[in-house]
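> Take a look at this one; I'll ask things after.
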Amino acid sequence: MSDHLGSSHDEGELSDESHKKSQRASSSDEPNPAKSNKGLESKMRESILSRLSKRKNSESDDDTTEQRFSIQPKNAQKAKEDRYRDKERDKKREKDKRDDRRDVRGPDARQKDRDFKGRQERSGRDQKVHEHRHHHHHRKHETDGHRTNRSNRDRSSERDSEKHKRHIDRHKKSSTTSPDNDKSPHKKSKHTDVPADAKLFDRILDPNYKKKDDDVLVIEDVEMSPIEILEEKEEKEIVEFTIDSPAGPKKYSKFESDPESDHDDTKPKSPGKAEDDDDVIEVLDDALHSDDDADSDEDKYLKTPEDREWEEMTETEQRLHKEAMKKRASMKQKTLIAQLPVFYPGLMGCRNIDEYECVNRVDEGTFGVVYRGKDKRTDEIVALKRLKMEKEKEGFPITALREINMLLKAGNHPNIVNVKEILLGSNMDKIYMAMEFVEHDMKSLLDTMSRRNKRFSIGEQKTLLQQLLSGIEHMHKLWILHRDLKTSNLLMSHKGILKIADFGLAREYGDPLKKFTSIVVTLWYRSPELLLGTRLYSTPVDMWSVGCIMAEFILLKPLFPGRGELEQIKKIFMEMGTPTESIWPGVTELDGWKALTFEKYPYNQLRKRFLAGRLLNDTGFKLLNGLLTLDPKNRFSATQALDHEWFTEEPYPVPPEEFPTFPAKSEQNKAPPPAKQKQQENRISHVDPETAKLLKQFEVRPEQVKPGGFSLKFDPTRF
């Protein structure tokens, strides 16, 4: 068919009959065509007729392309384009379906899918063994179709999103290439991707097809670009302006010399209208003048006015001056504080003991030696307790840790000594604990009063016992047992404040009770249940010690001074009476009671000792007897003792500030004996002027001069 048509093309023009014959000849060569081939033939026939009509018009006159297309049959070209577009759309759909089945994606998407499957395989290792085997067996026997379905199911959500994105892109391309929307001369996409059959007829009928084909390819390259080609627009000129006033950058500069100040003249400013420049400059000038006025007003209050100026001021000016004076004082204080070196315990650790000056040694206890020290920075007097570390070869002593922990927990009370900080010496064996310094310990004070035959008054006894019970109540509410209450662990300041110290044996207790060791508390203040070997105890052991301390406040000596545990329990039973099951239920079950046999002493002989000597009245003796009850369950608690009527009857407790002061042994400030004092006074009075002048040159006081045992005497007559 192509040869025949080609020969007719050389003859000049084809007739309708020759065209029909050629069509019949071509149709006769083909075997029985289907219905779809008839449709294709009709389309081809229409296209050939349209091209023949174009050929005739082009030979008849030299009209333009628009004029030649105007004589076409009605809607013929549009129908042709619609058919081409429908076919192309069907082909694209089939191609997309094939791509979805074959998983045609980019390398990044395939790598993500492989990573996702790898994560699934790694997570599968944590499953049970039988589930893994079952899954492996299932995959071993599955068919290729099952594998395909499973791979499709295992695709990640990213593939679905990519598929959706491709669908949207295809929709956008189809919408942008429609002839109704694209009327621009640059967008002739309706002639792109023409089917092969149509290109065949173009090649036959048009001798200039090759040139047109090249043009079409160029158009395709332009139209396939996703970026819309816009017409070039002329760029608008940017208006620049600068502010000539020096107020701009310097007003808001944070530093005296701005690093960018050298480039302010050349740096472009924000675009704006020229008529707005004057407004900007006026605003900046107003701000500068307002600030200058404010500074000048503040300068008036920088100095304290004199008396004459103060009297001439109004009330408002005086008030402003007072506020300025307060502000200057606070700023001065802040400046002084800022000059001090900052100490961060969490970053810098503990301070060194060299920052304290050791004044003198105070006492030595079970767990350390106590010194009186002075802070070199603040001149504050503190108590420095050096912890004993001789036997600690494997770290910090547990007793010291307990003491620090208990003091930090219970130290927020006026009747409990407060720890300030932990200090380190030259090595780790020298660890100190800085606590508030209290001048007296009650043991030394009671001994001094006993030697001088002096006693506390009843009001003073009530004050001391009330403060002791207040501190004990605070500890017991925090579930803390002191377990070593005695007069040497009670401190008293010059202001009459009693404080509880030495928490080396303190422990926390709970409910139900824990088993503790029974070898606690100094022997003279140890409760009978501890002496009999019980290990389940709580606050009553401290209250027994409080009863012994109350009796010592009155007697100025210990109540039960035993020399051993057997003698101690015997002394207790002699004064309080031998207990029975009716007096103390459960006493016969204690280990000490089972191991020993005790004599039967009459019940409670303390009445004769305190009442007969008129040391206590009946109310006070009831309180003492309640604190020294043998049965720990019936013994008074700290709250019950504080609520006792003995503290509310006359004589009332003496206020702490009215307590008498005593010379503190810890301060070592005893006055010299009278004989030595007179001798020093005589020595100072008999100093001759020349010796006094010499001592002044050497900055030596006369009382510091000690007479020597040997001196040379010269006879003035010989010289």
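Glycine is treated like the rest: Cβ placed from N, Cα and C.
From Swiss-Prot, for reference:
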COMPBIAS  1-20  compositional bias 'Basic and acidic residues'
REGION    1-215  region 'Disordered'
COMPBIAS  38-48  compositional bias 'Basic and acidic residues'
COMPBIAS  78-129  compositional bias 'Basic and acidic residues'
COMPBIAS  130-140  compositional bias 'Basic residues'
COMPBIAS  141-163  compositional bias 'Basic and acidic residues'
COMPBIAS  164-174  compositional bias 'Basic residues'
COMPBIAS  191-215  compositional bias 'Basic and acidic residues'
REGION    231-315  region 'Disordered'
COMPBIAS  264-274  compositional bias 'Basic and acidic residues'
COMPBIAS  275-285  compositional bias 'Acidic residues'
DOMAIN    356-647  domain 'Protein kinase'
BINDING   Val362, Asp363, Glu364, Gly365, Thr366, Phe367, Gly368, Val369, Val370, Lys385  ATP binding site
ACT_SITE  Asp484  active site, proton acceptor
REGION    657-689  region 'Disordered'
COMPBIAS  678-689  compositional bias 'Basic and acidic residues'
> Using DSSP, how many residues in the compositional bias 'Basic and acidic residues' (38-48) fall into helix, strand and coil?
11 helix, 0 strand, 0 coil
> Please determine which of the recorded positions listed here (Glu364, Asp484) has the lowest count of neighbouring CB atoms within 10 Å.
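Selected from the recorded positions Glu364, Asp484 on minimum Cβ neighbours within 10 Å: Glu364.
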> At the Cα level, what's the spacing in Å between Glu364 (ATP binding site) and Asp484 (active site, proton acceptor), rounded?
16
> How many neighbouring Cβ atoms, not counting its own, are there within 10 Å of the Cβ of Val370 (ATP binding site)?
22
> Among all protein chains shown, how many Cβ atoms are found within 10 Å of the Cβ of Gly368 (ATP binding site), not counting that one?
23
> Please work out the number of neighbouring Cβ atoms within 10 Å of the Cβ of Val362 (ATP binding site), leaving out its own Cβ.
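I count 22 other Cβ atoms within 10 Å of it.
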> Please classify the secondary structure at the residue listed as 'active site, proton acceptor' using three-state DSSP.
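The three-state answer is coil.
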> Taking only the Cα atoms, work out how far Val362 (ATP binding site) lies from the residue listed as 'active site, proton acceptor', in Å, as a whole number.
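Taking the Cα atoms only, Val362 (ATP binding site) lies 20 Å from the residue listed as 'active site, proton acceptor'.
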> Do you know offhand how many angstrom separate the residue listed as 'active site, proton acceptor' and Gly368 (ATP binding site) by C-alpha?
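Gly368 (ATP binding site) has its Cα 15 Å from the Cα of the residue listed as 'active site, proton acceptor'.
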